[in-house]
Amino acid sequence: MAGCGEIDHSLNMLPTNKKASETCSNTAPSLTVPECAICLQTCVHPVSLPCKHVFCYLCVKGASWLGKRCALCRQEIPEDFLDKPTLLSPEELKAASRGNGEYVWYYEGRNGWWQYDERTSRELEDAFSKGKKNTEMLIAGFLYVADLENMVQYRRNEHGRRRKIKRDIIDIPKKGVAGLRLDCDSNTVNLARESSADGADSGSAHTGASVQLPVPSSTRPLTSVDGQLTSPVTPSPDAGASLEDSFAHLQLSGDSIAERSHRGEGEEDHESPSSGRVPDTSTEETESDASSDIEDAPVVVAQHSLTQQRLLVSSANQTVAERSDRPVAGGGTMSVNVRSRRPDGQCTVTEV
């Protein structure tokens, strides 16, 4: 019995040891870095898309410029994914920012410097240590040339856009690593991205200050009353004058128009061109449209309208006088108050 128990005990221990070894073998592959299906290398700063496929962050960024879809399942990539990516290991980003050596490589961005990812930084350091003048880098599906003499980088097929690079110590202030910001609490969102896949700033940041464009104020030409220039934009001290004063000004200006109409052409006594115009009274309610006609019509037309209206007033007064001479049924005379309208818009009351 004891022997059987010992045998049974040894037999029970074998599967346990075997299971432990299997567990160790299963946990080892989980620590390996996944491979990227775009660059066909181990992922650098791996990110997980909503479809659960894993790629390098810069590879996803480069693919998003072309189709904004997953490279494997073609599911659409959200618009804000590049601004708020889902990192598999955020601690790796912080470790990469601290670096392994004394010097690392940076490229220029807006208002700061970005650190290259670890793989690209090793390639640049290797070329620099060997004394090469330039080297090529594959970043997000685009070939870049790093000019180590002039310390600039540019796309191999686009030499116009150049970006400064530098080799510096690890502890200098920087914005992030390979387009991934170190300050995760930043609320800055890139609204319009350019076609840049090297992890640089590719959009204009949204600022809280709003720029207001100056609105041009509508200006009106200067007008004159009795030869004095007045500005309709600036209120005059006599803005509160009564309608009678305004009508008096209109009458004076109307008479001056009539006087000038009798002069020949070129006989203006060096008067200013604007002295013959009447102030714009569109804001005041007049009882007739004759004043507005005088304001805009030429001198000849104004003279003709003045003469015609004077004839109408005189004929109306004559008709009223004839009617007043007729006897009334009561034996008295008829007293009529006639309200006439002068050409300048002023109303007068004539008692007959």
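Heads up, the Cβ atoms here are built off N, Cα and C, so glycines get one too.
Considering S274, S288, the record held by Swiss-Prot lists S288, annotated as phosphoserine. Here the candidates are S25, S97, S129, S292, and Swiss-Prot annotates S292 as phosphoserine. According to DSSP, the domain 'WWE' (91-167) comprises 20 helix, 37 strand, 20 coil. For K84 (ubiquitin cross-link) paired with K175 (ubiquitin cross-link), the C-alpha to C-alpha distance reads 15 Å. On the backbone, the CA of K175 (ubiquitin cross-link) and the CA of K94 (ubiquitin cross-link) stand 12 Å apart. K130 (ubiquitin cross-link) and K94 (ubiquitin cross-link) have their C-alpha atoms 29 Å apart, to the nearest angstrom. Figure note: comparing Cβ neighbours within 10 Å for the recorded sites K84, K94, K130, K175, the maximum is reached by K175.
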